[in-house]
Amino acid sequence: MADRTAVAPVAVVSAGGVIGALARYGAGTAWPSPWTILAVNAVGCLAMGCLVVLVTEVFTAHPLVRPFLGTGVLGGFTTFSAYCADFQRMLGESVPLALLYLVGTLVLALVFVAAGTRITRRLAGVR
């Protein structure tokens with residue numbers, strides 16, 4: 001029988017991944033566009049910035065919270081592979097627009113992680 005401490009992280013990451021992937025699928029179905037993936041990735045980065053501050057600086061979270069929310073939910077919600085596939089597809093339509101998408105996604109991701117971190121610290125009164 002598998003050790004319960006080894007099974008629990010796999011279970012919470014799996015459950016979180018299902019939730020995140022379904023949320024991304026729902027967003028993509030509601031708004032079928034490469035720009036939806038950009039928005040999903042930006043929102044996921046904002047949430048990751050918030051999560052990191054909350055579980056490392058504000059609360060003493062259960063050890064499974066970060067794998068569930070970070071690796072699971074947010075990992076399932078955001079997507080690098082769809083971003084790359086959308087970029088490749090856009091190259092055939094418009095090189096300038098594809099490059100804007102490529103660079104814009106990376107810049108937004110970094111800005112949104114930093115914003116999530118900064119906003120959460122400010123709201124929580126940390127540093």
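The backbone N, Cα and C atoms fix where each Cβ goes, and this holds for glycine too.
If you check TrEMBL, you get these features:
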type	residues	note
TRANSMEM	6-23	transmembrane segment
TRANSMEM	35-55	transmembrane segment
TRANSMEM	67-85	transmembrane segment
BINDING	G75, T78	Na(+) binding site
TRANSMEM	97-119	transmembrane segment
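67-85 is the stretch from 35-55, 67-85, 97-119 with the greatest number of Cβ pairs below 8 Å to the transmembrane segment (6-23). Counting other C-beta atoms within 10 Å of each candidate's C-beta, the binding-site residues G75, T78 are led by T78.
DSSP classifies G75 (Na(+) binding site) as helix under the three-state reduction.
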